[in-house]
Amino acid sequence: MLSTNTYSLPTTIFLVLTFLFPSEAQLNATFYSSTCPNVSSIVSNAVQQALQSDSRIGASLIRLHFHDCFVNGCDASILLDQGGNITQSEKNAVPNFNSVRGFDIVDNIKSSLESSCPGVVSCADILALAAESSVSLSGGPSWNVLLGRRDGLTANQAGANSSLPSPFESLANVSSKFSAVGLDTTDLVALSGAHTFGRSQCQFFSQRLFNFSGTGSPDPTLNSTYLATLQQNCPQNGNGSTLNNLDPSTPDTFDNNYFTNLLINQGLLQTDQELFSTNGSSTISIVNNFANNQSAFFEAFAQSMINMGNISPLTGTQGEIRTDCKKVNGS
């Protein structure tokens with residue numbers, strides 16, 4: 001069942017953000033109301049069509065937005081191909097290479113928007129809107145996406161390699177990477193909940209299955225029954241690109257089962273299970289709350305997506321509105 005809950009930014013928080021982050025406050029939910037009034041439905045329809053033939057695409061699109069915003073802010077730099085002034089594409093960074101996907105859907109959306117309202121909607125805003133559609137169409141919350149981002153003129157492959165959280169990192173390291181872009185512990189736990197749908201390749205968690213941290217044994221925080229299943233799917237020296245459901249219970253539905261899985265040691269990635277299994281961590285109570293209260297998770301997730309979408313956007317006359325999301329205009 002699709003949720004009809006819509007969470008918007010409370011006025012008081014908006015005023016505080018206006019004071020603290022004046023450039024970010026230029027983003028607003030009605031940015032295209034006169035220049036491209038159908039933008040939300042065009043994006044939503046394209047995502048809905050894509051989901052019919054590819055159940056993974058919703059998770060892939062939200063990951064694109066996340067991997068974009070953590071590097072140079074939400075400026076669609078992740079979409080730029082190598083060529084011209086782009087000597088090193090973010091697509092070839094270690095966290096992205098042969099892993100991020102959904103570029104064809106973004107191109108389809110851009111083509112539709114260029115037909116309806118040429119030169120108006122940025123690729124960065126397409127990523128933000130596609131992420132919201134992916135969640136709401138998969139049973140999750142809806143929220144008013146703040147808009148008005150412009151597209152960057154450069155890519156930052158080195159930044160993608162250093163700023164994006166790795167599935168092999170400690171909770172402390174992941175927390176510091178969130179903190180570096182202005183996101184707090186609640187944002188970290190809520191946004192991790194996006195792993196309630198989508199897939200992960202064996203190579204991103206196989207270190208937990210046989211020889212965890214050089215111990216010669218599996219990760220002790222991995223449920224033994226779940227471990228046996230994963231060892232079968234991902235044998236030693238097997239195909240590292242084999243896909244596994246991030247949420248074994250409801251793999252294509254956006255719900256709070258990600259958190260109930262953590263309570264029984266069924267987090268797939270090391271960075272998933274660490275949220276619950278790191279002794280003394282402030283994340284544990286948040287995981288418990290979201291596991292017991294899906295509405296609390298949905299509300300926090302919507303707010304954290306707004307917070308993430310506010311990371312250093314280009315606004316006003318900064319950057320440009322790309323005609324083709326893969327390349328800078330004129331290149």
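These residue numbers are counts, starting from 1, taken along the chain as shown.
Even glycines carry a Cβ here, placed using N, Cα and C.
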Cys74: disulphide-bonded cysteine as recorded in TrEMBL, out of Cys36, Cys69: Cys69
Recorded disulfide counterpart of Cys202 (TrEMBL; options Cys123, Cys234): Cys234
Member of Cys36, Cys123 annotated by TrEMBL as disulfide partner of Cys117: Cys36
Mean of pLDDT values spanning the domain 'Plant heme peroxidase family profile' (26-329): 97
Cβ neighbours within the same chain of Asp75 (Ca(2+) 1 binding site) - under 8 Å, at least six residues apart: Asp68, Ala124, Arg149, Arg150, Asp151, Gly152, Ser312, Pro313, Leu314, Gly319
Cys123 (disulfide bond) and Cys117 (disulfide bond), distance between Cα atoms, whole Å: 13
Between Cys69 (disulfide bond) and Glu90 (Ca(2+) 1 binding site): CA-CA distance (Å): 12
Recorded positions near Ser77 (Ca(2+) 1 binding site) (Cα-Cα within 10 Å), from Cys36, Arg63, His195, Cys202, Cys234, Cys325: Cys325
Residue pair Cys74 (disulfide bond), Cys123 (disulfide bond) - Cα distance, angstrom, rounded: 10
